[in-house]
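According to Swiss-Prot, the protein carries these features:
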- 19: S-diacylglycerol cysteine (LIPID)
- 19: N-palmitoyl cysteine (LIPID)
- 62-95: repeat 'TPR 1' (REPEAT)
- 96-129: repeat 'TPR 2' (REPEAT)
- 234-267: repeat 'TPR 3' (REPEAT)
- 1-18: signal peptide (SIGNAL)
């Protein structure tokens, strides 16, 4: 190719790439990242005052530490949450909800064997604690134990077939086992559902029934305020990231996982595992390493 023609080709390619990136940014739906509320700050201050009091029984102290840990977790303060959960467990080692949170943190840190043990403890203490099946299933999924993950996530799905996110996680696992059968099973679950929750729109996208543009238009139309918009975006961007990851489009997947995290919906499963996905993609997660790998 002659130098002049080569230059024209490169210039045209750069121009088209710039237009494509610009169009992507203009069409992107964004929310204001969630921030701590005054009510949450007041509750934390009040909890601190009560915990400083000596007029608490052991059971009361353990419960309050757990509740403060949950609040810390919802604000993204995982190191403080883990500290409260550990203190609660030292006082009362029979709290399944505490083992559940610790198992989630261990999964996020990639410490899967310890996570399995934590979720096993949850179900030993309370066999009806169904979310342990979700969280253990996710840990097994990331740990590469796909058949066991399918068993847990199928049990979780069967408890509420109208919850779209149960179908989505089950599909992500079954996709690794047999992609064609997984798609057929997802379609069957979609058709049997009441389709009332927002997440079924994501399922429709996965099935190829709607485009990504239609999905995002429905998202904007469904959101009633900034909080619901941020929550829907955290969910949708995570599952879009998983979709593009399955296609081998690592750049789009990485961008979408970052967008899922950017909304600060810290207590959503999609936010938690978008961080893990970024870690697996080689993105630096210094806070994750420092707080969880102990």
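Cβ coordinates come from backbone N, Cα and C, glycine included.
Non-local neighbours of the repeat 'TPR 2' (96-129) in the same chain are 66, 69-70, 73, 78, 81-82, 85-86, 88-89, 135-136, 138-140, 142-143, 272-273, 275-276, 279, 288-289, 291-293; each lies 6+ residues outside the stretch with a CB under 8 Å from one of its CB atoms. Residues 28, 31, 33-35, 73-76, 165, 168, 172, 175, 198-199, 202, 205-206, 212, 215-216, 219, 273-275, 277-278, 281, 283 of the same chain lie 6 or more positions beyond the ends of the repeat 'TPR 3' (234-267) yet place their CB under 8 Å from a CB of it. The DSSP breakdown of the repeat 'TPR 3' (234-267), given as helix, strand and coil counts, is 26 helix, 0 strand, 8 coil.
Secondary structure of the repeat 'TPR 1' (62-95) per DSSP (helix as H, G, I; strand as E, B; remaining residues coil): 27 helix, 0 strand, 7 coil. Along the repeat 'TPR 3' (234-267), the predicted structure has mean pLDDT 98.
The repeat 'TPR 2' (96-129): residue composition by secondary structure is 27 helix, 0 strand, 7 coil, according to DSSP.
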